[in-house]
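Undergrad: According to Swiss-Prot, the record shows the following:
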- 5-124: domain 'Response regulatory' (DOMAIN)
- Asp56: 4-aspartylphosphate (MOD_RES)
- 144-209: domain 'HTH luxR-type' (DOMAIN)
- 168-187: DNA-binding region (DNA_BIND)
Amino acid sequence: MNNMNVIIADDHPIVLFGIRKSLEQIEWVNVVGEFEDSTALINNLPKLDAHVLITDLSMPGDKYGDGITLIKYIKRHFPSLSIIVLTMNNNPAILSAVLDLDIEGIVLKQGAPTDLPKALAALQKGKKFTPESVSRLLEKISAGGYGDKRLSPKESEVLRLFAEGFLVTEIAKKLNRSIKTISSQKKSAMMKLGVENDIALLNYLSSVTLSPADKD
């Protein structure tokens, strides 16, 4: 089996440590870089001979942002780099939008400890990886009767930040878009989800996440 050079990006040092220790148990995986923000990650990517990036979905960074914005930038400027997203966000609408970016895998931080090694093993075979926990979440989209959940990546990014507590004005600044654009994308997403106000939106975002009984 060919060796796989991996970069890890997460803004929590203890998470970086845990991932590295987990990957050290896989003899064909080499960790060649660890970064705590997207700016440091992007600045160092050209210097590293990496095959795979394991990155958090929500991570600080000034110029390059995080989430879908960061993933799209990396895929555009580093097309040969495979991407596995590691996230605490288990909202199916957002996970669906992330998968639409044609990444190689997505792993929930609260999922099974074996999911990340399985994702890398699948990647070695030229396959993508979606754990059962994520597949079950995506099934809730059709089973829950919440309307058309096919959010665009931009709509998904706005909802992710809104769910994290950011105001529309703050989201506009963070994503370098106008307040009018952010408001329009938020309204469009709400129409797709069939919710009429912010309270209903927050209730939806919390109601279609992973319940304890659903976990691996």
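Just so you know, glycine gets a Cβ as well, placed from its N, Cα and C.
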Undergrad: Going along the chain, which residues six or more apart from Asp56 (4-aspartylphosphate) have their CB under 8 A from its CB?
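TA: Ala9, Asp10, Asp11, His12, Val15, Asp66, Val85, Leu86, Thr87 - these are the non-local Cβ neighbours of Asp56 (4-aspartylphosphate), listed in sequence order.
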Undergrad: For the DNA-binding region (168-187), DSSP counts of helix, strand and coil?
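TA: Tallied per class, the DNA-binding region (168-187) gives 17 helix, 0 strand, 3 coil.
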